[in-house]
Every structure is written in structure tokens, then in C-alpha cells.
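> Dumping what Swiss-Prot says about this protein:
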- K141, E178, Y179, D187, R211, S212, N213: ATP binding site (BINDING)
- D248, E260: Mg(2+) 1 binding site (BINDING)
- D248, E260: Mn(2+) 1 binding site (BINDING)
- E260, N262: Mg(2+) 2 binding site (BINDING)
- E260, N262: Mn(2+) 2 binding site (BINDING)
- 104-287: domain 'ATP-grasp' (DOMAIN)
Amino acid sequence: MKIGILSRNKKLYSTRRLIEAAEARGHEVKVVDALRCYMNINSELPEIHYRGENLKGFDAVIPRIGASVTFYGCSVLRQFEMMGVYPVNESVAISRSRDKLRSLQLLSRKGVGMPVTGFASKPDDVKDLLEMVGGAPVVIKLLEGTQGIGVVLAETRKAAESVIEAFMGLKANIMVQEYIKEAGGADIRCFVLGDKVIAAMKRQAQEGEFRSNLHRGGSATLVRITPEERKTAVAAAKAMGLNVAGVDLLRSSRGPLVMEVNSSPGLEGIEIATGKDIAGMVIDFIEKTASSKGTATRGKG
């Protein structure tokens with residue numbers, strides 16, 4: 001098979017591992033920087049050009065699209081879909097998961113457990129907004145933040161009001177979520193592939209920090225998840241329409257709660273924590289599904 005990987009840096013761990021796994025199985029691999037692509041959009045023969053070359057003959061494409069280039073990256077991926085190339089994750093599914101509000105609304109519609117969440121732009125009654133989610137302490141998030149950036153724990157009502165007013169001054173849309181104290185600064189990253197959780201790790205925030213992101217110094221260890229957690233992670237990925245997803249769960253007194261569904265989950269932390277060949281499993285999945293062209297929208301979304 002000829003497999004394309006949409007990535008801006010072939011030296012990144014996840015990209016490098018996918019290349020190694022694909023080549024080890026005899027596939028031809030080409031890494032493409034989506035931002036450097038340009039497209040010929042027409043009714044007869046849609047094309048993608050890259051460094052003067054017409055990209056054609058691909059059987060599958062693996063999108064590793066960074067959050068900052070979601071719009072253009074998904075546009076290029078959609079063009080691949082229109083050309084009949086199998087996407088591991090569809091453009092419309094990635095777009096859903098990158099919109100934090102939309103993704104939570106989709107999870108809500110499907111009845112997937114998640115923290116009580118308020119969404120606001122210019123609330124005229126901040127006190128009522130806080131009471132709506134159960135009062136302080138609360139977690140306040142910028143809608144566009146990633147890797148723990150733009151996430152604040154406000155431990156008192158006064159602090160929460162100050163943070164919300166500051167974010168309002170930036171003309172930013174914000175989410176206000178209940179703080180799950182019993183999680184103890186830890187979350188669980190479930191790596192979903194197809195309709196299965198193939199690996200899971202526990203991420204623990206460093207002392208004095210509540211954000212467990214590995215980019216913020218959190219540590220990762222192997223964890224055994226419950227059947228309910230497994231079911232919740234798969235349901236969350238399915239709600240987005242993702243074949244490959246990193247689903248972040250919190251363990252709460254009322255069961256697993258989904259914090260986020262990531263469409264380009266990193267491989268380094270979870271491969272090291274679990275000792276599993278996640279990259280190889282992704283390529284195996286492509287081998288089994290690409291020939292069926294099993295996409296829901298085929299670029300129509």
C-alpha cells in the first residue's frame with residue numbers, strides 16, 4: 001500500500017514510529033506537510049500538489065494534524081477523501097473533536113458521562129453561572145486551549161469570578177466545569193482503535209499541579225481499566241466518528257467522566273508506559289479497513 005502521513009515534522013516520535021511500522025510491513029510511506037499543499041478543486045479530477053508534485057496513487061492517509069492548523073489540515077484531508085483515499089480519521093470527525101463545545105454537546109446527546117459544564121461568552125450573571133455547575137472549586141478553560149494551556153483551577157468563588165472576568169476582558173469564549181476532587185489530579189488516557197481500547201495509561205499531575213498533561217510534567221504509568229471505563233472510551237470515540245482517538249477520562253464517584261477526545265493522540269507516552277506497539281496496531285488496522293473504503297462521508301462532510 002501507499003500510505004501518506006499528514007505531519008509537519010517527520011522527526012516527531014509519533015510520525016517516526018508510524019513510518020517505521022508501515023515500512024516494516026512493506027508499505028510505501030510519504031510524509032506530507034499539509035500547510036505546504038495546494039489543491040486543484042474541480043468537478044472532474046480533484047488534485048493535491050506538494051512541492052511541485054501531483055500527489056496521487058495513495059491508498060490511505062494518516063492525519064497527524066496539529067491543533068493550530070486544524071482548518072487547513074482538514075481541508076487537505078477532505079481533498080484526499082474526495083480523491084477516494086481512505087482516511088484513518090475523517091476530516092469531519094477531526095473537526096468535531098477539535099471544537100470543544102461541539103464535542104461536549106455530541107457526548108451529551110449520546111449520554112456519555114462528563115463533568116457538569118457551563119459555556120459562556122459574556123455572562124451577565126457570573127454568580128449564577130458558577131452555581132449552575134455546582135459552585136467553586138471549578139476548572140475554567142479557554143475554548144481554544146491545548147496541552148493544558150488556558151486551563152485554570154479556581155478554588156474559591158472570588159477567584160473564579162476574577163478569572164472569568166479576566167477571560168471576558170480578552171473577548172474569549174470560556175467553559176466552566178465542576179472540579180472532580182476525587183480524581184486526585186490524575187486522568188486516564190485510553191487509546192481507542194476501531195471499536196476497542198487497545199492501551200491505557202494513568203497520567204498523574206506533578207505535585208502542586210492539577211493538570212496531568214505530559215507536556216506539563218505529568219507522569220504516565222500502566223493502568224488497568226474497568227469494563228465501564230472501556231465502554232465509555234469507545235462510546236466517546238464513536239460519538240465523534242473517530243477510528244483512532246485518545247480519550248481522557250476522570251475517575252469520579254459517579255463513574256468515568258470524559259474530559260476530552262483527541263483525534264491525534266501522541267504515541268510516545270502510551271507506548272513507553274504500556275510497552276505496546278501502538279504504531280504497528282494502527283498500520284494493521286489500516287490494512288484491514290482501507291480496502292473497504294469504510295468512510296462514512298467520503299469527503300461529503
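Think of each number as a place in line: the chain as shown, counted from 1.
Backbone N, Cα and C define each Cβ position, glycine as well.
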> From the Cα of N262 (Mg(2+) 2 binding site) across to the Cα of E178 (ATP binding site), what is the distance in angstrom?
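Answer for this pair: 21 Å between alpha carbons.
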> Same chain only, sequence gap of 6 or more: which residues have a CB within under 8 Å of the CB of E260 (Mg(2+) 1 binding site)?
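Result: K100, S103, V247, D248.
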> Cα-Cα separation of Y179 (ATP binding site) and N262 (Mg(2+) 2 binding site), in Å?
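Between the Cα atoms of Y179 (ATP binding site) and N262 (Mg(2+) 2 binding site), the distance comes to 21 Å.
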> Compute the C-alpha separation of K141 (ATP binding site) from N262 (Mg(2+) 2 binding site), stating it in Å without decimals.
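About 16 Å separates the two Cα atoms.
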> Any idea what the model's mean pLDDT is for the domain 'ATP-grasp' (104-287)?
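Across the residues of the domain 'ATP-grasp' (104-287) the model's pLDDT averages 89 on the 0 to 100 scale.
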> Hey, how far is N262 (Mg(2+) 2 binding site) from D187 (ATP binding site), Cα to Cα, in Å?
14
> Test of understanding: give the count of other CB atoms lying within 10 angstroms of the CB of K141 (ATP binding site).
24
> Any idea which of the binding-site residues D187, D248 has the thinnest Cβ neighbourhood at 10 Å?
D248
